[in-house]
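Trainee: Below is one structure. I have some questions about it.
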Protein chains: 2
Amino acid sequence: MRTCYTGEVNKDYLDQTVTLFGWVHRRRDHGGVIFIDLRDRAGLAQIVVDPDNVDAFATAEDIRNEYCVRITGLVRLRPEGTGNPELASGEIEILCREIEVLNASVTPPFQLDDDNLSETTRLTHRVLDLRRPQMQRNLMLRYRVSIEVRKYLDNLGFIDIETPMLTKSTPEGARDYLVPSRVNAGEFFALPQSPQLFKQMLMVSGFDRYYQITKCFRDEDLRADRQPEFTQIDCETSFLNEEQIREIFEGMIRHVFATVQQVQLPDSFPTMTWEEAMRRFGSDKPDLRVKLEFVDVADLMQDVDFKVFSAPANDPASRVVALRVPGGAGMPRSEIDAYTKFVGIYGARGLAYIKVNDAASIPEGLQSPIVKNIHPEALRAMIARCGAQSGDLIFFGADKIKVVNDAIGALRVKIGHSEFGREHGLFEDGWQPLWVVDFPMFEYDEEEGRYFAAHHPFTSPKDGHEDYLETDPSRALAKAYDMVLNGWEMGGGSVRIHRADVQSKVFRALNIGAEEARNKFGFLLDALQYGAPPHGGVAFGLDRLVTMMAGAESIRDVIAFPKTQRAQCLLTQAPSAVDEKQLRELHIRLRSAEVKQ
Amino acid sequence: MRTCYTGEVNKDYLDQTVTLFGWVHRRRDHGGVIFIDLRDRAGLAQIVVDPDNVDAFATAEDIRNEYCVRITGLVRLRPEGTGNPELASGEIEILCREIEVLNASVTPPFQLDDDNLSETTRLTHRVLDLRRPQMQRNLMLRYRVSIEVRKYLDNLGFIDIETPMLTKSTPEGARDYLVPSRVNAGEFFALPQSPQLFKQMLMVSGFDRYYQITKCFRDEDLRADRQPEFTQIDCETSFLNEEQIREIFEGMIRHVFATVQQVQLPDSFPTMTWEEAMRRFGSDKPDLRVKLEFVDVADLMQDVDFKVFSAPANDPASRVVALRVPGGAGMPRSEIDAYTKFVGIYGARGLAYIKVNDAASIPEGLQSPIVKNIHPEALRAMIARCGAQSGDLIFFGADKIKVVNDAIGALRVKIGHSEFGREHGLFEDGWQPLWVVDFPMFEYDEEEGRYFAAHHPFTSPKDGHEDYLETDPSRALAKAYDMVLNGWEMGGGSVRIHRADVQSKVFRALNIGAEEARNKFGFLLDALQYGAPPHGGVAFGLDRLVTMMAGAESIRDVIAFPKTQRAQCLLTQAPSAVDEKQLRELHIRLRSAEVKQ
């Protein structure tokens, strides 16, 4: 058996004989001596094979990269000046006494330390890709996060209860992955989009505090940070109110950061209403590291001679905002042009701006093609409201509310993260968590002409907002909350409806008739009738949390065997064609005309 | 917020005012006072509502079973002689000061303490069924088992790595559950039957010690103790041999029993070869609590005048065994008849027996219809080999090997567990774990005329057995082991093949051609080429382990939301029909002729 992990041999083992298992990371001849960097999951150690040791030397001469070997040898100090302070084992080396090849390796298709591999190469050869120290660190970090989550929740009396993977299809929200039933011909299971209803039923059953770290499934068109299957830290508790629930779960995130990364997050996360977040940052997940804010100026622009501003300023469905960039007057024209192009991605038809050369002399001190179209009084009021100083730059968004929020919200983040933003103090590094609260209950879908649940249809309205469900759903706010960290939504949750009558009202507001509600959610409505307790919870995206903590570029870098954006596994070649016999047993056939050959 | 769980209020809280949340388990009027048994997940407490407290009393009068309430009151001693020693709160009661109905309940469809509910009723109303104290205890036990497994493995450096749920279909062994792909028309994912290949690849990637408590799926015809989805404690480690691997994992089971149930399992589990287990007990999962053993007597019966014995005694594919039941001569005829019927289930065509009235006088002292057909020398040798004493009973099995093993193996267990067996010391209560080792590599399937992998095709042959793969597969033994506890298979595993050439030989022995092997397992064969380490592992069935520990009758009693034997969820009505639109998106259609309407 091994003495310790290869990466852990250090001066404590000096003059001892150790046995190590690992892979040959690098092998080089140097002055007639063979040096092997041996690697395992804990790191590297340097092995020295002397030509005096004839057997070991002969073996070492034949060894190539990625051979799996057992090495026994004496731990000694490296010669002065040859240490490697980056390694835990950097002060010592192991003088090889015995070496055994446990398994040879063909030449790998790439160097493990090549940082410029295409993702296709990496995912096709995932087994080798996972050997790379960065991937080892990422998955180790992921594990530490999950085990610390469990420790924290266990201490608070939460219990892990498994909910089914083969569940019922309820086509709301995202597309389900379906599983044809063999025993029940013509029927299908669905893979869970979340254990939402099961965890609510567990609360009704009296389990009081539940959690699960579990796979969820959504058959969506994949964006950069989505996977068909993803992992959720799913939690629910009874008898607590919104604030108490948030306190427990921000404590969990604090605990994880403190124990896994020795990072101390704030003692209490700030909360911000959804309304305020949208008003100030155009986003329900604002990156608070960026020190830029929206300033609404529609009321000042209603009577200007500039249709681009005055039209949205007079339309309640539109918004006119200014985004003051301190010190931005010096921003090069090319950068402004690039931003103009950038906001186009979000549907903005242009990007008006004003350079404030001299804030004391308006309009002369302002430089912009649009200044001439806006009367000085409006300019003066706008400059004052923005608090603009000489040397600042002001960008404008004027369009439908969603376009302005998306475009100027993205611009705000882009400028903050840019070299310019960092140099001008518009970006403050660190971890900036917050809770966004008081989300609207519903979002109106213009195309379909009906309301959809903003969170999900089991979310409780705020106290006093129940009547709005029938009178004016758009005014109803929800006991829903998202935890946001540096512009990423880490998790979200809500207090749930625990009364059958309120649940029915919400279904009505969503245009879900009594019969449809019974068909889809009858088991929940039934459960609510038997003394359902007040309850609520939260779900965190583990993939995303770990991606952030690892500083990784993609959630695929913190998942052992991820799918591509075409939802394929390049390693195993899944999905794949199956035997006709299998389809027959499942009572289905292919729509062959549509199937590629 | 609550002071503590209802079930935890005790004398420590005497004279204090406490706030409790829970459900009304029972309510009764007694001498003008209302008594409420309040229940939560921790247990019961007695609430007393005095008529002096007008508001609370009025509320309490309207309260019914399963209402969810908040109660505030003063903890006081129960009047002498009215304590309930079965409850943690049994010495005290709470004098109610305030009571708030958090949610009313309609009348439940059954009494929670009714122990005679049909399983259909229980699964249909699972939310209420889970409120029953036994189910609360079962799921709590399940949680404690899983968290202790994690603690143990974490301490040993095992890390939890998630493997995909949407994987590739490889139709070997059980039927796959398939998931049609929307993005890749005509292709399917399969839900994993186990993470076997992924955990092996993680070893090749150098993660060294892996575990996962994860769902696996098999679309089998369901037997009493099977579910379409089940939970596996799945583990793998590199660089250890068979014995070292077993030591780690019997330590895990020991840890779980010690911490969760304060049960000390043996310091070292006995091992028994598969050959010995089959020979002595006719089973690869012998229940060692039963003190009965097979005695092979074929060699003694080859020349007797009784075809029922002599025919199988002369057939190498058959077996003749005696099962001595100490003290069994007094067994009533009706019981013997019942056993004769019982072995018929396993294909035995009868059940020969001999009562040993006087062991010293043969054949006169033997009582049986068959004695006259067997010459005294054979009888004498048989009695001697069995060590039969006067007053014993001997049953016989004589048939094809499998029939004898199945029938007499089951008979052995049946007698041991019977009232007769317990009264006659044939059953020793307690936990009797063992490892069954040295399984054969292959089983020959007469019908298909080929070998199948006894464990799975990635299992390593024993040292020195590699050549048998090509010369005589039936002789090859495997580095495979099962952990057996009281006649149940708790888990099993093996050392895996880590060399591509050996893996190819095994595929050949299984009649899997090179092309087929590449199609199905190419990614594994590739992985083995890159310095795959020696590795092995084990998988435990969590459902079964917890069922045993809970003393439950069915694994359905330790799963929150199980499926019926028809693979249906009676609570949510899954599986169910889905929209035509969903099928169209998945490029499939129903084989409508076969579909029930």
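Glycine residues also receive a Cβ, built from the backbone N, Cα and C atoms like all the rest.
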Trainee: Report the candidate from B:Gln227, B:Gln529 that shares the ATP site with B:Arg218, B:Asp219, B:Glu220, B:Glu489, B:Gly541, B:Leu542, B:Asp543, B:Arg544, as recorded in TrEMBL.
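Mentor: The candidate from B:Gln227, B:Gln529 that TrEMBL ties to ATP along with B:Arg218, B:Asp219, B:Glu220, B:Glu489, B:Gly541, B:Leu542, B:Asp543, B:Arg544 is B:Gln227.
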Trainee: Of the ranges B:196-199, B:204-207, B:552-555, B:560-563, which one does TrEMBL flag as region 'Aspartate'?
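Mentor: It is B:196-199 that TrEMBL annotates as region 'Aspartate'.
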Trainee: Looking only at B:His30, B:Arg218, which of these recorded positions has the biggest number of Cβ atoms within 10 Å around its Cβ?
Mentor: B:Arg218
Trainee: Let's check the environment of B:Arg496 (L-aspartate binding site): how many other CB atoms sit within 10 Å of its CB?
Mentor: 26
Trainee: What is the number of other Cβ atoms found within 10 Å of the Cβ of B:Gly81 (site 'Important for tRNA non-discrimination')?
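Mentor: The answer is 5 other Cβ atoms.
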Trainee: Tell me which of the recorded positions B:His30, B:Arg218, B:His455, B:Arg496 ends up closest to B:Gly81 (site 'Important for tRNA non-discrimination') in space, Cα to Cα.
Mentor: B:His30
Trainee: Calculate the distance in Å between the alpha carbons (Cα) of B:Arg218 (L-aspartate binding site) and B:His30 (site 'Important for tRNA non-discrimination'), and round it to a whole number.
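Mentor: Cα-Cα distance, B:Arg218 (L-aspartate binding site) to B:His30 (site 'Important for tRNA non-discrimination'): 55 Å.
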Trainee: Between the Cα atoms of B:His30 (site 'Important for tRNA non-discrimination') and B:Arg496 (L-aspartate binding site), what distance do you get, rounded to the nearest Å?
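Mentor: So the Cα of B:Arg496 (L-aspartate binding site) lies 68 Å away from that of B:His30 (site 'Important for tRNA non-discrimination').
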Trainee: For the region 'Aspartate' (B:196-199), how many residues does DSSP put in helix, in strand and in coil?
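Mentor: Across the region 'Aspartate' (B:196-199), the residues distribute as 4 helix, 0 strand, 0 coil.
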